[in-house]
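Peer 1: A single structure is presented below for examination.
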Amino acid sequence: LKPVPPTEYDGTPDARVLHRFCQESRDYLEAGKVKKYRQVFTISRFLKGTAWEFYLNTVARDVYSWDLDKFWVELLNYCFPTNYMAKLRKDLDRCYQNSRTVKTYVHELNELYNLVGQADVRTRVTRLWKGFRESIRSELYRAGLHPEISLWDEV
């Protein structure tokens, strides 16, 4: 199969859009067996707008010294407001089930954790538990589960 090119990224400060671009780019580079030193240059063809400006002004003069991980971090820093991650963390702190279904609440919580990059399993489980409605927390306790020892999949 021919590698599928990533959707162009214009620098929109939306983590979901950037995440999609990163995933699609990694897949494209892997499928195309692009050498590491050429990866950033190769995906530069799929940049436009603010993202292209970043590449042109910051990366292009020494493109072959850039690796993908450094590129993603610096692209995010250039295109997103400086308080973006703080805002996401605040959204995470304010994420509660309220009147939503468990499925919808868990989906939003997972999405926020993926965007923030928080990977600590215990923190995730404790936060999930804290955000449930009281009636659900009570049922979880009755089922023998506890936020400090239970696993995500058990909860």
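Glycine too: its Cβ is placed from the backbone N, Cα and C atoms.
Predicted, not measured: the structure shown is a model, and the values here were computed from it.
According to TrEMBL, the feature domain 'Retrotransposon gag' maps to 44-133.
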Peer 1: Tally of helix, strand and coil residues over the domain 'Retrotransposon gag' (44-133) according to DSSP?
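Peer 2: DSSP classes over the domain 'Retrotransposon gag' (44-133) add up to 66 helix, 1 strand, 23 coil.
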Peer 1: Compute the average pLDDT of the predicted model within the domain 'Retrotransposon gag' (44-133).
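Peer 2: Over the domain 'Retrotransposon gag' (44-133), the predicted model scores a mean pLDDT of 94.
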